[in-house]
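> Dumping what TrEMBL says about this protein:
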type	residues	note
SIGNAL	1-23	signal peptide
BINDING	104, 218, 222, 228, 236	Zn(2+) 2 binding site
DOMAIN	121-263	domain 'Peptidase metallopeptidase'
BINDING	164	Ca(2+) 2 binding site
BINDING	174, 176, 189, 199	Zn(2+) 1 binding site
BINDING	181, 182, 201, 204	Ca(2+) 3 binding site
BINDING	204	Ca(2+) 1 binding site
ACT_SITE	219	active site
């Protein structure tokens, strides 16, 4: 287990100032409350695109239509089940509120397990010494919690040299087919081992005066090989509610990383 945390204690994550930044997408959802199968309601195509973006609905000819069909109902039920909501297949207020919560941009499994999960194929690193570099002047923090429970050592690579992990802040389309969407909704996304990419949305309202490692710690979990968890207390839960800060790994997070890499 790595114990030398000094390089990380001086790193500061730019905090997302938690405030109701909902944007056009979020405002457009309010009138959809109560919608159910068989109806045609203007704006339902936005729900379809949301569910498609996060792995619940396959792209098809009806993705841009405002018809509430059986495919949309099935996708909503999967979303509700994953996040411990009342499974109705309808767009009730609790479902819409969950969709309006800022979150990680990594897709969910449409049939998530009740605890920690891994990416398909269970990819992981075959070494314990990982280097990282930054694509911008801002440097997120979040390695410390994972260091407590693994044998990993993280070290910043020399400028201009190749690293295992590249961390940066980007806007809109940035070359990975997962464009950011401006303020609110998707805050960040990362890729499984051994791709080593961690991206933060540069259009969010970030600030350095209130250090909060929640989102960075979550994204590092993806970098190590953990998928999203349905445990609302877990770092790997995909949503970051307004005003919420998670500073420590939950039992679910710890069980997941130990199951993947073993006891340090």
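Using the three backbone atoms N, Cα and C, a Cβ is placed for every residue, glycine included.
Whatever TrEMBL says is automated annotation, not expert-curated.
The model shown is predicted, which means the values in this text are computed figures rather than measured ones.
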> Near residue 199 (Zn(2+) 1 binding site), meaning Cα within 10 Å, which of 164, 181, 182, 219 (recorded positions)?
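Taking 164, 181, 182, 219 one by one, the ones whose Cα falls within 10 Å of residue 199 (Zn(2+) 1 binding site) are 219.
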> Between the Cα atoms of residue 236 (Zn(2+) 2 binding site) and residue 219 (active site), what distance do you get, rounded to the nearest Å?
8
> Give the sequence-ordered set of same-chain residues, not counting 181, 182, 201, 204, with Cβ within 8 Å of the centre of the Cβ atoms defining the Ca(2+) 3 site.
171, 180, 183, 184, 185, 186, 187, 202, 203
> Let's check the environment of the residue listed as 'Ca(2+) 2 binding site': how many other CB atoms sit within 10 Å of its CB?
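Taking all protein chains shown, the residue listed as 'Ca(2+) 2 binding site' has 19 Cβ neighbours within 10 Å.
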> Most Cβ neighbours within 10 Å: which of the binding-site residues 189, 218 is it?
218
> Most Cβ neighbours within 10 Å: which of the binding-site residues 174, 199, 228 is it?
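Most Cβ neighbours within 10 Å: 228.
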> Measuring CA to CA, name the entry from the binding-site residues 176, 189, 218, 228 that ends up nearest residue 182 (Ca(2+) 3 binding site).
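Sorting the binding-site residues by distance from residue 182 (Ca(2+) 3 binding site), the top entry is 189.
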> Distance between residue 181 (Ca(2+) 3 binding site) and residue 174 (Zn(2+) 1 binding site) at the Cα atoms, whole Å?
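One finds 11 Å between the Cα atoms of these residues.
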> Around the recorded Zn(2+) 2 site, report the further residues of that chain (criterion: Cβ within 8 Å of the mean position of the Cβ atoms of 104, 218, 222, 228, 236; site residues excluded), sequence-ordered.
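The answer, listed by sequence position, is 106, 190, 219, 221, 226, 227, 229, 235, 237, 238.
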> Between the Cα atoms of the residue listed as 'active site' and residue 204 (Ca(2+) 3 binding site), what distance do you get, rounded to the nearest Å?
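The Cα atom of the residue listed as 'active site' is 16 Å away from the Cα atom of residue 204 (Ca(2+) 3 binding site).
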> Can you break down the domain 'Peptidase metallopeptidase' (121-263) into helix, strand and coil residue counts using DSSP?
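With helix first, then strand, then coil, the domain 'Peptidase metallopeptidase' (121-263) has 26 helix, 30 strand, 87 coil.
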> Looking at the binding-site residues 104, 236, which one has the fewest other Cβ atoms within 10 Å of its own Cβ?
104
